[in-house]
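One structure below.
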Amino acid sequence: MSLSRSEEMHRLTENVYKTIMEQFNPSLRNFIAMGKNYEKALAGVTYAAKGYFDALVKMGELASESQGSKELGDVLFQMAEVHRQIQNQLEEMLKSFHNELLTQLEQKVELDSRYLSAALKKYQTEQRSKGDALDKCQAELKKLRKKSQGSKNPQKYSDKELQYIDAIGNKQGELESYVSDGYKTALTEERRRFCFLVEKQCAVAKNSAAYHSKGKELLAQKLPLWQQACADPNKIPDRAVQLMQQMGNSNGSILPSGLSASKSNLVISDPIPGAKPLPVPPELAPFVGRLSAQENAPVMNGVSGPDSEDYNPWADRKATQPKSTSPPQSQSKLSDSYSNTLPVRKSVAPKNSYATTENKTLPRSSSMAAGLERNGRMRVKAIFSHAAGDNSTLLSFKEGDLITLLVPEARDGWHYGESEKTKMRGWFPFSYTRVLDNDGGDRLHMSLQQGKSSSTGNLLDKEDLALPPPDYGTSSRAFPTQTAGAFKQRPYSVAVPAFSQGLDDYGARAVSSADVEVARF
């Protein structure tokens, strides 16, 4: 290698060191600063994501409390849990990004500046030393040759000249070898730094791949089930349908707050105390087998609430005779559809209180009237035992006893009849019995009323017709604070409709078509 090439390689070696110190390290510091900004932004995303999924959990809690959207609440919980796991994987990636990349690069770049400065200085010093030794040998050889040319005996300096030539060759070889090694070392130092950066970035990429793989695995497994859960917004879950059917199949129900029933301001199922056993009232005869044709639409034992103002108040009703009786065939159809038909009401403006309708009632049920017409007297079978205790106005019976009804309609969930076994007469809770068909089979009588039961109206208005005493000591003020769960120890309260327990949950209110469109998602 010629001297000029050695000098050129020396300049290249110095340029490599200077490139690392003047370009690579500043660029690496800028990379670290940008990485810290990126880490800070991802940490902000993580913090925001926690708040976002906490809110999603709250939405899931709301949905889980609804009878119609409970499974969607479970879906929202699953979504929050899946994304929490994905977020945990993201946090692992952030830890790797901070610990394996930013921290180590920051430590390396601070140490590297001093190391490279020392390495470059050492190389330059050694290269200069070897170059000076070579220059000195060359200068000595030049002097020797001048002396040899002016001497009368040139052979005298020939041996010494050969020694200098050998020394110069050795010095030049050492210098060239050192410069070559120095250049190789400089390139190696540069490559090691870039490899370190790539290696740490690969570690971050590996954690990033695990993060995305985890997210893909979880979402691919759960997403089809989530999409299936919300595929049909109009589908009511079977559980909610069964709940509605159970409520619809119960004759009694829970009294809405604000309702009271009789003239004495007692709860509907609270009988009037101090009465004696009732004989069959003489006023009953005109009602047996004769019902007004205006009761054509099947209406359950009564309505109260915001829609009940279409009906006459109980206190204002007079003893009137029905005009005509519905055809037997029509009455039979109404009786068959009794359990599947909701009350038909007019659409009226809702009110904020039930107080204005506490003394109002509906016409008598068409299906039960039809039963009276066909059979003369309707018979029921006890499905629960009932003890009257010391109260002489109540009728005691045991499960399986048969009772003949002596009035056409139940009043406020209480019916009046005669036990075929004991021949005793008195009031009893109608929900404790099943109505017997013509063939002797029993069927469960149902009531979808939303307020007070329909009654015999003016017949029961008379002061000489006594009602049973209070229903097991419950007061009208106790009902508003009770829930449906409090009545599971016996059949639903005969005072209030069972269907009203879940009616508000399903938004069974009169709304305009425009409101429906706005509410639809």
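Placement of Cβ uses the backbone N, Cα and C atoms for every residue, glycine included.
Source: prediction; values computed, not measured.
Annotated by Swiss-Prot as coiled coil, the relevant range among 132-153, 462-483 is 132-153. Long-range Cβ contacts of the coiled coil (132-153) within its own chain (Cβ-Cβ under 8 Å, at least 6 residues beyond either end) map to 160-161, 164-165, 167-168, 171-172, 175. Of all the modified residues listed here (S385, S396), the one with the fewest other CB atoms within 10 A of its own CB is S385. If you take every residue in the domain 'IMD' (1-250) and average the pLDDT, you get 86. Annotated pair S396 (phosphoserine) and S385 (phosphoserine), C-alpha to C-alpha distance, rounded: 8 Å.
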